[in-house]
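Q: So Swiss-Prot lists these for the protein:
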type: BINDING; residues: ASN40, VAL42, GLY67, GLU88, ASP118, ASN137; note: S-adenosyl-L-methionine binding site
Amino acid sequence: MSDAEVPPAARGQAALLGPAEVRALAEEFGVRPTKQLGQNFVHDANTVRRIVATAGVGREDTVLEVGPGLGSLTLALLDVVDRVIAVEIDPNLAARLPVTVADRAPDLADRLTVVGADAMRVKPSEIPGEPTALVANLPYNVAVPVLLHLFSELPSLRTALVMVQAEVADRLAASPGSKIYGVPSVKANFFGAVRRAGAVGRAVFWPVPKVESGLVRIDRYAEPPWPVDDENRRRVFAVIDAAFAQRRKTLRAALGGWAGSPAEAERRLLEAGIPPSSRGETLDAAAFVRLAATHP
């Protein structure tokens with residue numbers, strides 16, 4: 001038998017999932033995708049290979065995967081990285097994932113650790129080791145909160161490549177001045193450089209979602225241009241939230257509640273070198289950091 005005829009699992013590689021395998025596993029495990037958990041399972045091997053390649057992860061990486069589901073992306077990651085830590089909120093899927101990996105990638109099974117937890121609330125103490133990269137098909141209904149939470153809680157994360165709803169991907173990667181630039185854009189940029197990294201069609205999912213998907217890459221700043229400790233992050237995020245809560249108003253008016261009064265907001269804006277007549281959508285992350293650092 002030639003190498004081409006030997007099943008991938010027998011060669012120490014993962015046997016990736018296709019449409020038939022995904023449906024068979026779902027039936028075997030009694031899994032019915034739920035909108036509540038934002039579950040849409042990828043069933044295309046080429047798509048998961050592309051995600052892993054775009055993430056740029058390798059043997060030196062410990063990858064954090066959120067919402068591994070039936071294991072499509074997990075198997076592709078195990079082929080190329082040192083370790084995968086999969087965080088799964090669904091207890092049934094969390095229990096079944098090691099079984100799938102043992103069956104389809106027996107030589108790679110020891111690289112997988114499954115954590116049964118809510119990624120939006122998971123604590124560093126629950127994550128074994130220090131993950132260097134986040135690679136995930138994030139549940140669309142909580143994608144941004146999960147992304148920001150993990151970058152806040154896990155300073156070891158150097159990069160992220162996530163699949164999210166296309167509209168969310170556009171907002172995360174938007175630049176100041178854009179109509180879609182907003183809270184997700186600025187907060188993501190607080191941690192690192194953000195860019196769109198590709199598009200993913202609906203046909204590669206089961207069940208087929210009603211929306212298109214997109215890939216977003218975030219590379220954490222190697223040398224942060226501002227303090228990224230929890231206290232400063234909370235201060236900066238509070239200003240961002242206030243500025244966009246009344247998007248159409250000038251910052252002098254929009255930040256009146258945050259600063260105590262419109263007059264005090266104007267004083268602090270001027271101290272930060274920002275025209276009081278500006279609007280939040282024109283400010284980059286650096287401007288919000290300067291504003292948060294002004295003194296009442």
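Backbone N, Cα and C atoms are what each Cβ position is placed from, and that goes for glycine too.
Give me the local environment of each listed feature.
A: The Cβ of GLU88 (S-adenosyl-L-methionine binding site) lies under 8 Å from the Cβ of GLY67, PRO68, GLY69, ALA94, LEU97, VAL114, VAL115, GLY116, ALA117, each on the same chain and at least six residues away in sequence.
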Q: How many Å separate the two farthest-apart Cα atoms among the S-adenosyl-L-methionine-binding residues ASN40, VAL42, GLY67, GLU88, ASP118, ASN137?
A: 20
